[in-house]
Amino acid sequence: MNWLHAIILGIVEGITEFLPVSSTGHLRIVEKLLGYDIQGAGITAFTAIIQVGAIIAAILYFWSDIVRIVVAWCKGLAHKEDRDDPDYTLGWGIILGSIPVGVVGLVFKDAIETTLSSLWVVAIALILWSGVMWLGDRQLGLNRGMKEIGIVDAIVIGCFQALAPLFPGISRSGATISAGLFRKFDRATATRLSFFMGIPALVAAGIYESVSAASDISIAQGGAVAIGWGPTILATVVSLIVAYVSIAWLLKFVSSNKFTGFMWYRVVVGLIIIGLILSNVVTA
């Protein structure tokens, strides 16, 4: 892989990882257009590792929130009188809400990495989930805040999150934000919950995939092109920087805007992918 391709893919990952537009779908189509085999061991390892950059960006951005939630959860475990703290409940919610996606990832690992990685699946999921987001965005009474989250809310959001690895085009953030909206949280809170619910799952998946696939970076081929550690590290750093900016922008955007633009964007991208497949520019 050359340095320019590494920068391009790092930017794509950084921009799309936390937006409700499917980072997996974008990476796969861009990797295809750049000439890589998206089911090749090398490019699969590359994709898993550069996602760690975006995950680190989220941890850095929400570090004070993470520390506050962890401290509240630990205090609640030690002292019953501290269990009324909303952050204690949120801590349990994040733990319980992370279980469904972990189970799905382990049980359906082979299908996720093969059959379900088809660009047809990505394109159709991008388009169809836009309708789900549209319904969620038009819920009445979207006024619940972060302090109102309960265990049931977290489990519902977690179950929605578990759909993302099964159907890559759905987008993990698209699924969790939609769930938050259906639970009547305001858009800003639904988005922040999406980050909090996603961080444990993304960290676990990132570590697992990176460790298990790291050797493929140096010995495997991404299509006809070797990947290499230099471009991989560069892409990871680029994804970290771009993802940090993307997170800040998204939180500011949702504080005063609906998700309509993202919905239409998803439909357009889905149709473009279908067009590229039908015209044999890329293979599914």
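Every residue, even glycine, has its Cβ placed from backbone N, Cα and C.
Here the transmembrane segment (1-21) has long-range neighbours at 27, 30-31, 34, 36, 46-47, 50-51, 53-55, 57-58, 126, 133, 171, 173-174, 177-178, 194-195, 198, 222, 225-228, 230-232, 234-247, 250, 259, 262, 265-266, 269, meaning same-chain residues at least 6 beyond its ends whose C-beta is under 8 angstroms from one of its own. Taken from Swiss-Prot, the feature transmembrane segment applies to 1-21 (among others).
Annotated transmembrane segment per Swiss-Prot: 43-63 (among others), in sequence order.
Annotated transmembrane segment per Swiss-Prot: 88-108 (among others), in sequence order, evidence recorded as sequence analysis.
Here the transmembrane segment (116-136) has Cβ contacts under 8 Å with residues 20-22, 24-25, 28-29, 32, 38-39, 108, 165-171, 174-175, 177-182, 259-260, 262-264, 266-267, 269-271, 273-274, 276-277, 282-284 of the same chain, all six or more residues outside its ends. The transmembrane segment annotation in Swiss-Prot covers 116-136 (among others).
Residues 22, 24-25, 28, 86, 89-90, 92-94, 96-101, 103-105, 108, 112, 116-117, 121-127, 129, 175-176, 178-180, 182-183, 185, 193-194, 197-198, 201, 270 of the same chain sit 6 or more residues outside the transmembrane segment (149-169) yet have a Cβ under 8 Å from a Cβ within it. Taken from Swiss-Prot, the feature transmembrane segment covers 149-169 (among others).
The feature transmembrane segment is assigned by Swiss-Prot to 193-213 (among others), with sequence analysis given as support.
Among the features that Swiss-Prot reports, transmembrane segment is placed at 225-245 (among others).
Sequence annotations record features per position, and here Swiss-Prot assigns transmembrane segment to 259-279 (among others).
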